[in-house]
Amino acid sequence: MFLFFFFFFLALTFNSLFCFFFYLRAGKEGQVLHRSKRGWVWNQFFVIEEYTGPDPVLVGRLHSDVDSGDGNIKYILSGEGAGTIFVIDDKTGNIHATKTLDREEQAQYTLTAQAVARDTNKPLEPPSEFIVKVQDINDNPPEFLHGPYYARVPEMSNVGTSVMQVTATDADDPTYGNSARLVYSILQGQPYFSVEPQTGIIRTALPNMDREARQEYDVVIQAKDMGGHMGGLSGTTEVKITLTDVNDNPPKFPQSVYSMTVSEDKVPGEEVGRLHAKDPDLGDNGLVNYRLIDGDGITMFELSTDSETREAVVKLKKPVDFETKRSYTLKVEGSNPHVDPQFLAWGPYKDEATIKISVEDADEPPVFVAPSYTFEVEENAPEGTLVGRVHAKDTDVANNPVRYMIPRYTDVEQFFSINSEDGMITTTRPLDREAQPWHNISVSRESGDNTGELRVNIKVKDVNDNPPEFATNNEVLMCETVAPGKVIETVSAVDKDEMAHRQHFTFSLAPEVAHNHNFSLKDNRDSTASIYVLRKGFSRLTQDVYYLPIEINDNGFPAMSSTNTLTIRVCSCDSKDTILSCNVEPYVLPAGLSTGALIAILACIVILLAIVVLFVALRRQKKEPLIVFEEEDIRENIITYDDEGGGEEDTEAFDIATLQNPDGANGFLPRKDIKPELQYPIRPGIGRPAANSVDVDDFIKTRIAEADSDPTAPPYDSIQIYGYEGRGSLAGSLSSLESVTTESDLDYDYLQSWGPRFKKLADLYGTKDCSINDADDGEDS
């Protein structure tokens with residue numbers, strides 16, 4: 001009831017002030033105005049958020065002066081939340097909130113009220129707008145929206161060094177009460193860090209915090225509203241603070257003395273040993289530079305730093321000799337290159353150690369005087385040109401001689417040779433720089449059982465032996481309507497040889513076209529030349545391609561030049577000199593022919609007619625066919641054999657199948673050099689005698705029958721006929737092989753009576769004795 005009367009009083013007060021202001025305004029305008037009753041009693045209403053009572057909350061009451069209380073007036077409410085959140089009693093004008101309100105969701109609502117006649121719904125007064133504000137209560141705890149946080153602070157920082165600032169937010173109304181007034185405190189992380197209560201700035205609380213002892217800290221910060229008093233809400237966040245490194249630790253060698261050994265066969269540059277100075281700092285703060293500061297081996301050894309392990313690497317600078325000196329001493333210093341001036345008093349930031357190196361005896365191989373060789377030789381130099389000399393020596397007491405050779409795998413094409421005794425390298429053929437400008441070979445040396453290799457780099461020096469040529473060989477396309485004096489192309493040149501300083505190409509037309517009337521050339525003196533057109537009126541029908549020979553000189557020593565042909569093609573273009581076509585088109589003759597052309601055509605026709613008439617006349621006179629075919633006389637076939645045979649081995653002298661089948665001579669004769677793929681089976685009706693049969697006549701007849709029945713078979717088996725002579729033959733063996741190797745006393749004169757077929761045998765064997773006897777008589781005489 002108190003709230004209702006309070007709202008009602010405020011409404012009357014604002015209504016009176018509004019009417020007074022309206023009266024003054026009307027009076028200033030010089031009009032006499034009569035005050036009319038204000039139809040509304042209105043106000044700005046308030047409602048507390050998060051109300052959880054059983055009944056709807058009364059927000060306020062609207063009342064119109066025209067309302068006499070008889071129920072004829074109806075109040076209507078519209079706007080934000082009307083009908084859902086806010087409801088009005090249409091008779092009394094009481095406004096209630098039916099739902100729990102949250103200021104953080106919406107802080108105020110704008111509504112419109114109007115009084116209308118209940119029976120006609122006719123507005124009795126204009127609508128009025130009013131605001132319902134939601135009053136805040138402390139119902140939201142502080143929140144850290146960006147947590148958890150990560151911060152870094154250098155180690156050894158002074159007390160009070162700012163680390164970072166954390167900020168919490170409270171959704172409550174900061175203008176109403178202490179609901180959003182926050183106070184920060186630290187719950188975890190003491191005594192290392194502290195936080196300012198009002199600002200949330202975290203600061204260091206202890207001096208000399210060492211990263212090497214502890215690097216990370218987990219800090220918990222609390223933000224509490226209501227100014228940190230009892231009953232306030234709170235929120236927390238985590239802050240992970242990392243100490244960053246500073247150079248607060250000097251390097252330190254774990255040992256004061258290091259012992260190392262080196263063999264006398266080690267070559268300069270080889271590693272002897274390693275040592276490391278420890279520095280717990282990180283990054284650049286932990287870098288250590290090493291240097292030799294003293295010792296009798298300071299000229300024989302050198303130090304370098306391994307970029308990965310940060311170790312000092314002791315390397316051999318000069319060869320050591322066991323027979324000359326057997327031990328060396330070095331003093332090494334390790335220091336930080338980056339020193340923080342803030343911590344200079346904590347120094348010095350360096351440490352020292354001693355290295356004792358013992359030299360071991362070894363069977364030393366021959367050593368090259370230089371670690372590598374680089375020689376130069378001119379290209380095209382004749383065979384046997386001296387390239388250079390490599391030299392190695394044996395330092396052992398035995399002092400064995402050194403022999404040199406070039407492994408073939410390093411000089412596959414064998415461009416070079418080396419004298420095995422003095423190491424002189426010479427060429428075996430002329431070299432071409434353009435084909436291979438560098439030759440990288442290896443030379444091996446051998447002394448006793450010790451061997452080794454050395455890299456030799458040979459550079460081929462350039463000689464101006466290649467003429468220049470066009471950089472590109474593209475055709476030049478030129479319009480038929482090109483104007484005289486126009487540049488149609490700018491040519492350039494390339495040379496496989498190396499260009500000397502201030503050397504450039506010069507261009508000129510070849511002598512045979514120097515005075516042509518079509519094109520000219522201008523040397524631009526920058527290794528390019530411009531091609532100009534001298535006349536107009538070019539036509540593709542007259543000539544579609546022009547060839548312009550151009551001489552190019554490289555001005556080298558010796559000077560080289562070449563003639564290159566530039567192809568210029570005449571093209572058809574439009575009015576904007578855009579090329580339309582460059583193809584050769586056929587030339588169309590005019591429709592009318594000249595008198596001379598007609599006479600030539602008629603003469604050709606007359607000559608052709610005369611030749612035809614003469615040919616026909618000769619044909620009728622001879623009455624013979626124009627083409628005579630020779631007729632073959634197939635009635636007689638005479639087969640002639642003009643060889644005598646070569647004995648038992650001669651199975652190819654003649655075709656015995658022809659003798660057995662003369663009818664097949666005029667037909668198909670099988671090839672002797674190809675074995676038939678299809679073998680005809682032997683007819684089962686023909687009997688074959690046994691291998692030991694003495695009936696030679698039956699054996700031969702059987703073979704003849706088989707050959708007659710298979711005309712396609714070549715005489716591969718003919719040797720079987722000559723190889724069988726039968727048992728008890730009176731003639732004995734006729735083998736010439738056996739006759740030569742056997743001393744026989746047989747008389748072969750009877751062969752003379754066997755006829756011409758055995759004449760060759762009679763000459764070979766029948767006259768043997770006579771020739772022998774003649775020879776004997778000669779010896780006797």
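Think of each number as a place in line: the chain as shown, counted from 1.
The backbone N, Cα and C atoms fix where each Cβ goes, and this holds for glycine too.
Note that the structure is predicted; figures quoted are calculated from it, not measured.
Look at TrEMBL and you will find 64-144, 145-253, 254-368, 369-470, 470-588 tagged as domain 'Cadherin'. The transmembrane segment annotation in TrEMBL covers 597-618.
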Where does the mean pLDDT land for the domain 'Cadherin' (254-368)?
90
Looking only at the domain 'Cadherin' (145-253), how are its residues distributed among DSSP helix, strand and coil?
3 helix, 45 strand, 61 coil
Would you list the DSSP helix, strand and coil counts for the residues of the domain 'Cadherin' (369-470)?
3 helix, 46 strand, 53 coil
